[in-house]
Amino acid sequence: MTKVVVCALYKFVSLPHFESIRAPLLAMMEQAEVKGTLLLASEGINGTVAGNQEAIEALLAWLNNQNGLDNIVYKLSFDDEMPFYRTKVKLKNEIVTMGVEGIDPLKVVGTYVKPKDWNALISDPDVILVDTRNDYEVQIGTFKNAINPVTETFREFPEYVKQNLDPVKHKKVAMFCTGGIRCEKSTAYLKEQGFEEVYHLEGGILKYLEEVKQEESLWEGECFVFDNRVAVNHELKKGQYDQCNACRMPITEAEKRSPAYVQGVSCPHCVDKISDEQRKRFVERERQVNLAKARNEAHIGSDVNQVIEARREKKEALRKLAAQKNKLKQTGTV
């Protein structure tokens, strides 16, 4: 069986005319049968895609020929099945959303640490090690002795820093994330807040797992990934977790044996949180998925990323509305 190549990539670079890249990039991906999602913004490009080796090589070559997108940071892993259903190129305000204006990794960023040097750094008792990922990611794996900020989204990270880290008290701070992109912004943010010695794992967890031998590794557990593999082990192969299509939380085989678990409808993490309307919708979606499987067809609507994106768009709309209300209150017009 031909292996599917999964490529996680990003680059912070000034792209003032990023909108014009979308159409030719999407056309190239569709022609090469590359699936997945790439985000474009004025600050760069980010995303994870998959295809056969020839297709991924063609995409990387195409990007390398675009002004500013050469020498892109990417990491490869492999799977037996295609982890994405669709091909998308989206235009965004940020390629990774922190929600703080003026944070620019092109101007200031932390010190990059190679995977081979990471163990020595985080073994230093004077170093504070912070996992910048979301809580559901941390729960299935992290580095030994890492602090979990218990955030639901990356937008919450600045508040965590404000409440828990002090540039006077915490002289050395090391941070890490899945592929490195969130650390670009988190270290830039800490530098802006006056922290002097700020470090981050170059290439992220995925690069560390690729380059550091398991017997020498300080990584514990599996690494959550944002595709249908859910998580990868130290060999960068699909791990032991599945994902609840209702709430996107990773779930174990033991949790799937719980009475709260209904495939495609609920799990122990969300059974008490979803509404009756949502439950009905999830039941119908699962019925459609099973019908599609019986006909040996792909049911696009079963893609959990579609649910995630809808939630993100709803949250963003609510944030904008709240910001508008606050602005009106400050100006005394309400």
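Just so you know, glycine gets a Cβ as well, placed from its N, Cα and C.
Sequence annotations record features per position, and here Swiss-Prot assigns active site, cysteine persulfide intermediate to Cys177 based on sequence analysis. In the three-state DSSP reading, Cys177 (active site, cysteine persulfide intermediate) counts as coil.
Under the heading domain 'Rhodanese', Swiss-Prot lists 123-217.
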Taking every residue in the domain 'Rhodanese' (123-217), what is their average pLDDT? 95
